[in-house]
Amino acid sequence: MSVAGLEAGLREVEYAARVTDSQDELRRPHNDSIMKRIPEDAEATTVLVGAVGFLEQPTIAFVRLAQGILMPSITEVPVPVRFMFILLGPAGADLDYHEVGRSISTLMSNPTFHSIAYKADDRRELLSAINEFLDDSIVLPPGDWERQALLPFEELRAKSEMIRRRKRDALERKRAADGAAPPSDEKKALLAAEMGGLPPDEPEDPLTRTGRLFGGVVRDMRRRYPYYLSDFTDALNGQCVAAVIFMYFAAVSSAITFGGLLAEKTHGKIGISETLLFSSAGGVVFALVAGQPMMITGATGPLLLLDESLSNFCRSYGFDFLAARMYCGLWMIVIALAVASVEGSVAVKKISRFTEDIFAFLISLIFISEPITSTIGVYRAHPLGVDYCQFNSSNNTNVTQPLAPLNSTSADNSSISAQPPLASPAPLTVVPQPNTALFCTMLTLATFIIAYYLRIFRNGKFLGRSARRALGDFGVPIAIVLMVAVSCVVPVWTETLRVPAGLSPTTPRAWLVAYNPGLETIPLWAALAMALPALMVYIIVFMETHIAELIIDKPERKLKKGSGFHMDIVIMSAVNAICGMFGAPWQCVATVRSVSHVSALTIMSTTHAPGDKPHIVEVKEQRLTGLLVAILVGLSVLASSWLRLVPMAVLFGVFLYMGISALGGIQLWDRCILLLKPVKHHPQVPYVRRVPTLKMHLYTLIQVAGLCVLYAVKSSRFSLALPFFLVLMVPLRMSLAYVFTPLQLRAVRIAWFDDIHGIIRASRGRTNIPFL
């Protein structure tokens, strides 16, 4: 070759290299965005197919390299190539090379086949894996298929797993009958079946009996406490700091809300100071020793209802309320130890969606009816009229009050009694302005509207994603602060929270109930009879704690440190025994707050393909965030001067928000709406597709009947027995097996842990209710 020809060739090579570099520069931004979606240890498979003229029949090569090698000219992104599939054949062959390449690409994207390809030793094992893939595939014959007519993916996956399990059992029975090990290809097929959803080493089920005394508690301790040191070291990251800030506002808002309403329902016996202090103390104890420390504890609606019922019962019979609660707390720890000794926590598996939907609907109704009832009480104490009196005090502060005196109940509960008497009032004059009742109505509705629409704004299109989430997550605190500011500006008197100064109880008394004079009002027979109310409280604590733990410990959350089903209920009962001794509100795990806490600690994938749903990478399992949240809630009692500015009407708005927001995640409510809709407008959900319409409505009406019974019990003198009637819903649900088929019952409970209370949707923003 001449020198000129060599130089020309070199120039062409140099030009080609410059063109390649220029193309790489143009593709680099695109490749960088793709690389962010690819895991660090990913390896590529190259599929090369084509037709050539020098071959008489197709030739295939499947190559697995000893280690991945970067091949910039083959892959568009810099990912090491580990597998190569090459198919070459004549142009006139009756074979679509492109479709074969697509099929190989589909096989390599399947986790089961992909894993076997890494371990296969010969061609038979690959062929066996391909056959296993085809056996597990669901094929639709050609035709015009509507999306609504197809089974949902979750049902298809369940059917596929059932087929795999059946095959595995058949292989194991055959191997046991023959007494011989299966050949290599059958081993690979069995491995594929197991990897497809049935791992050979399944984790131990915490809700199985050990058959030993306190066996469940001992097993929980042995499984959880070896991780105790890591429970603190794993919390040293920014994700946990953000979770503490978010959960503090959620916890303190709920504590103030329930504490204020408890003061009204118990006639000042229990109030905000007790709620804040012992929500903090209970949270600290639970975070330090619980088997599942990521659960958040505090006062909840069902326990508030039981305290109101017990308070009315004690007033009727002349018993001291706090002394009766002290005996209830002592009985509760006795009941908890007795149940734990026989591993009674496994009974939580009997609680179905049927019972939980009724219970959730009942609590929502109570949260909705309570603000309405309280507002009607304000109208009775401050009736609307044209005769209002205005007088000027010595400090020129305008105070508007009706001429009619307050009734005795309002006078006892009103913080106005703590104000000093006004001296030298000016002559009375008639002022035609809105009174206290109207202003309380405005505060209640405004608090609800602000909190509710900030929650909706969270998923809107205005502002950035972080700003929307912040406004949605802190919607309730924002609504409370705004309405407190309004009540301070508008010169209309409203009843505010009764918060004592410092660390003293709501009403003057000794902290320890045993040192109060009311203890002698409880005779011996009444102290023994308090075992029945204690059992009712224990049932509520049992249900709330275990349902929250079941939701948190779902397999898809990928928790690694275990749970504490048997141990946590004992710890919670011990905390309540201490609360009873100090006259503090009952504590239990708050389901929605707990799931919100876990969601705040969840790290989602950033390497999923665009359009794919992100999956959970890990959850920061630790004790420090719950501990810090509890401590901050306790320190909030030092802000008593600020808490005294919060009107009761604002808390009514928070309760209205809780009740209405919670309805969105209750299937019973959705099916009640379907009673009023024509069939053609019913959504395509499992209980609509799989259950005949009349039977679906019958199921709904049975639940509504049970709900009416529970609400009637709650509103009667026997409201303390509400948990007992709630437990009766379990045998009622079991009796439905004589009316509905197993497939129909499964359709109404499908995705039970995914949909309960709208909690999982709450954790990702659809119905964000972090204050229950």
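Every residue gets a Cβ built from N, Cα and C, even glycine.
Per TrEMBL, domain 'Band 3 cytoplasmic' is recorded for 20-146. What TrEMBL lists as domain 'Bicarbonate transporter-like transmembrane' is 212-748. Here TrEMBL flags 241-263, 275-304, 324-346, 358-379, 436-454, 474-494, 522-543, 564-586, 624-643, 650-669, 696-713, 720-740 as transmembrane segment.
Under 8 Å from some Cβ of the transmembrane segment (522-543) lie the Cβ atoms of residues 302-303, 306, 310, 313, 317, 319-320, 323-324, 327-332, 334-336, 339, 345, 348, 351, 359, 569, 572-573, 576, 586, 588, 720-724, 726-727, all in the same chain and six or more residues away from its ends. When Cβ distances are compared across the two stretches, the transmembrane segment (241-263) makes contact with the transmembrane segment (650-669), since 3 or more pairs at least 6 residues apart fall below 8 angstroms. Secondary structure by DSSP for the domain 'Band 3 cytoplasmic' (20-146): 52 helix, 28 strand, 47 coil. Counted over residue pairs separated by six or more positions, the transmembrane segment (474-494) shares fewer than 3 Cβ pairs under 8 angstroms with the transmembrane segment (720-740), which leaves the two as not touching. Note: the stretches the transmembrane segment (696-713) and the transmembrane segment (720-740) are in contact (3+ CB pairs below 8 A, sequence gap of 6 or more).
Beyond the ends of the transmembrane segment (324-346), by six or more residues, the same chain brings 207-210, 213-217, 307, 310, 314, 513-514, 519, 522, 526-527, 530-531, 533-535, 537-538, 541-542, 546, 565-567, 569-570, 572-574, 576-581, 583 to within a C-beta distance below 8 angstroms of the stretch. Beyond its flanks by at least six residues, the transmembrane segment (720-740) meets 305-306, 309-310, 313, 350-352, 354-355, 358-359, 532-533, 535-537, 539-540, 543, 691, 695, 698-699, 702, 706, 709-710, 713-714 of its own chain at Cβ-Cβ distances under 8 Å.
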